[in-house]
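*Asks:* Let me begin by handing over the structure; questions about it come next.
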Amino acid sequence: MQEQYRPDLLEQEVQKYWQNNQTFKAVKDSSKEKYYCLSMFPYPSGRLHMGHVRNYTIADVVSRYQRMNGKNVLQPVGWDAFGLPAEGAAVKNKTAPAKWTYENIDYMKNQLKMLGFSYDWDREIATCKPEYYKWEQWFFTELYKKGLVYKKTSVVNWCPNDETVLANEQVHEGCCWRCDTPVEQKEIPQWFIKITDYAEQLLSGLDTLPEWPDMVKTMQRNWIGRSEGVEITFKIENSDETVAVYTTRPDTFYGVSYMAVAAGHPLAEKAAQNNAELARFIQECKNTKVAEAELATMEKKGMATGINAIHPITGKPVPVWVANFVLMHYGTGAVMAVPAHDQRDFEFATKYGLPIKQVIAPMNGEEIDLTKAAFTEHGKLVNSAEFDGLDFEAAFNGIADKLEKMGVGKRQVNYRLRDWGVSRQRYWGAPIPMLTLENGDVVPAPLQDLPIVLPEDVVMDGVKSPIKADPDWAKTSYNGQPALKETDTFDTFMESSWYYARYTSPQYHEGMLDSDEANYWLPVDQYIGGIEHATMHLLYFRFFHKLLRDAGLVSTDEPTKKLLCQGMVLADAFYYTSPTNERIWVSPTKVMLERDEKGRILKATDDEGHELVHAGMTKMSKSKNNGIDPQEMVEKYGADTVRLFMMFASPAEMTLEWQESGVEGAKRFLGRLWNLVFEYNKNPVKTAPNPTALSSAQKALRRDVHKTIAKVSDDIGRRQTFNTAIAAIMELMNKLTRAPLTDEQDRAVMGEALSAVVRMLYPITPHICFQLWKDLGNEDIIDFAPWVQADEAAMIDDEKLVVVQVNGKVRGKITVPADMAEEEIKRVALAEENVQKFLDGLNIVKVIYVPGKLLSFVAK
C-alpha cells in the first residue's frame, strides 16, 4: 500500500479497471431483484456544470448502494441532443449543429468518466441519432391512426423581415433577436397530441405515487387544473348567433354585468369589420404575446364591441367587450364577468365604468364594500330571484338545474391542461413523419420509409431552417404519387418523454421497445432531476408512459416509483462597475478575499486589482460568471473529494452553497482515512473481534461502529439524507483516529471498523474505497461486496447513563450497568456527594424513575 493518498493516479487506475471489466454492464436476470436508477439526461451544451455533477452523484450513490444490497442495477446515460442552442452555436461558430453536438458529447462523456459514475455505457443514447428518433416517428404515426394526433392553427412568434418563426427565447423586448424587427403573432397549422384525453388519468395517477415530492404532485394537479362548472350559452341580440362561456361559479350568475371575449374570438372579429379603432385594438392584442402567468399582473385593457349578449335567465342585455386578459386558446375564448365577485372583473369594470351588482353576501351577515374590492368568497345568494338565501352548493346545483332545463347550460368537468403542441419550426429536431399529397390530403409516413432522416451536413444562416430553405429535401413519394414531407420538427420534449424506456433495449431494431426487457426493468425505481421540470417534462413523461402502456409496449401505469428533486448549486458572485456603468462579473476563481474571524467577506479584489462588490450566493450561471468548472476541481482535488463535498454540504433537496474551503476539508478527511488504513496495515489481524474478550472501551468503540452502520444504512437506503450519513461516518472516524492499536482485540475492532467505513463510503467515494478494500486484504472486488450489516448484539449498551434530579433540577449523572435494578440505582444515586448536598435536611416524599434515563427525587 502506498503511504500517500494520490487521487490523480488512483482514480485513473480504478476507472480503467471498471472500463476493461465492464463492471457496471446491466443484464436482465429474472432470478435477481432489479433496480433501475436514472438521472435526467443532459443536454450536450459543451461542458458539465456543478448542477449536473450533483444530480449524477446522487444517482450514483443510490445505484452503488443498491448494487451492494444484491440488486441487479441498471444506471444508463445518454444525451438529450436536439434543441435550439445548437442552432445558435452553429451560426456563431460557422459549423453544423450535428458536428457541434457530437463534439460536445465526446467532451462531456470524458468528463462523466472522470467523475467515476457507474454507468452501463453500452446503453448510451443520443436522441439526435436516426436509430433513436425512427421509433418516435413510428409511434407518432400510430397515435395519428388512433385519433390521438391532429393538426390545427396555433399562434407563433413571427418575424416579418426574416419571414421566420421565432422561439420565445429569440424574442427580446418584443423584437427579433437578429434584426430588431417588431415581432408579430401569426397563426400557422401545427401538430398536437391529445394529452387532454388522459387528463383524468394523469390526475388520479398522482395518488399512486407516494414517493414523489408533494410539491411536484401539487404543481401537476394545478397544471392539469380540474374544475367542475357549467357551460352556458348566451344568445346574441338581434342575431341567430350564440356564444358559450364556462364558469365554476354559477351561483354568481345573476351578477353578470358584461362579457369579455378574446381578440381572436369570432364576435370580436365580426365587430371589428365596421370599427377601425376596434380592429386596431384587436391587432395590438394579437401582437402582444401573453403568458398565462402574466395575466394577473398585466394592465387590463378592453374595448366595447357594440354587441350585446342576452342573459339567459333575466333576458337583460349583457355588453360584449374585447379584453386583453382573455385568451382564445383557453376555454371558449369568452368569459362572463361578475365584477362584484371576481377581482379581475372588478378592476376592469372599475376602469371602464361598468355596473357592479352584488349577488353574494357573507354568511355571517357582515356588510361588504364593493367600491374597494370584489367579495370573492363563497356566501349566501342575494338579488338572485328564487335562489336568494341559498349557500354555494345549493345555489350551484339550483342554477345549474335551471339552465339545463332551459336547454342553455350543461354541467361540465373542465381542465386547464391544453393539448400538447409538438410542432417546432426549427431545424435541429426530429422531422415530423407526415406527408402531404398533391390533392392536399395528409397521411402518416409508412414504417418502411422511416426514419425520415434530418440532414446533418448543413449550413446555418441563422434565419431559415435548412430543410425549409431546400425545396428538394421535402420532395418524396407515397404509393408512387408525389408527396411533400413535413418541414416542422418535433418539440424536444418528445425525445425526453420516452428515453427512459428505450434504455431498456437501446440496440433493439425490431421495434420501439423489446417488451420483455422493458417489463423487466420498468418502472424506474429512482428518478432524479430538478423541480423546474415538474409541469413539463415530468408530465409528458407520465403521459407518454400511458401511451406506451395503451400500445401494449409496457405493462405499468407510471414510469417511475420514486422521484428526488435535487436543489440548485449556488456560488459567490462578484462584480465591478466599468467606466461605462456596466457590471463586469468576475469568476470566483480569480477573486482574492479578506475575511473577518467569523468568515464574513470584508474585501474582495480580482487579479487585475479591481475592488469587487460581493453580490451574495446565487445560482451558478454564465450571466454572473460564477460557475465552477467540475473538471478543474477534479484535477485539483480528485473526483472522490468533489463527490464527497457534493453529498455532504447540504441535504439533497436543498440548495448547495459551493465553498472551496469545504472541498479542501473533504480532501483532508479522505487523507485521514487513507492514513488510518496505512497505520492499521502495519500490523493487521485476520480475526474478527471476540465479544467476550473485549474491554469496556473496545466494546464501546465497537458499539459506535455498529450504531453508525445502522444509521448510515437507514440514512442512505430509506431516508436519503446522505449528508447526515456522511456526518455519522465522520464522527465515527474521529473516534477511530483516537483509538489505540496496542493489543490484538484493539486491532480486531479497528479492522472491523475500517472494513465497515470503507463499505459505507464506497457509494459516495468509490475510487479510494475500491483501493482501500483491497489494501484491507479482501480478495473480492468492493463493487459487488455485500453492504455492511449492523450487529444487533454489538449495539446493546452494557451501561446506561441516568440523570439524577432533586426537585426538578439536575444534580448528578451516574453510569450504571444496563441490567441494574431500580432500588440499586437509587442507592448509587443517593451516595453521590452533590445529590446528598441538595437533599441535606429534607425528606424525600416521592421518587420518579424513568427506566434507564432519569431518577427524580421530590423532597421537602
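Using the three backbone atoms N, Cα and C, a Cβ is placed for every residue, glycine included.
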*Asks:* Name the residue range among 299-303, 339-343, 619-623 that Swiss-Prot annotates as motif ''KMSKS' region'.
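*Replies:* Based on what Swiss-Prot states, motif ''KMSKS' region' spans 619-623.
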*Asks:* From 42-52, 218-228, 625-635, which range did Swiss-Prot mark with motif ''HIGH' region'?
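*Replies:* Matching range for motif ''HIGH' region': 42-52.
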*Asks:* Give the mean pLDDT for the motif ''HIGH' region' (42-52) on the 0 to 100 scale.
*Replies:* 93
*Asks:* What number of additional C-beta atoms lies within 10 angstroms of the C-beta atom of Lys622 (ATP binding site)?
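*Replies:* That number is 10.
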*Asks:* Reduce the DSSP letter at Lys622 (ATP binding site) to three states and note it down.
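*Replies:* In three-state terms, Lys622 (ATP binding site) counts as coil.
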*Asks:* Under an 8 Å Cβ to Cβ limit, what residues of the same chain, 6 or more beyond the ends of the motif ''HIGH' region' (42-52), are close to it?
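*Replies:* Long-range Cβ neighbours of the motif ''HIGH' region' (42-52): 79-81, 83, 85, 89, 101, 104-105, 107-108, 111-112, 126, 530, 568-569, 571, 620, 627-631, 646, 658.
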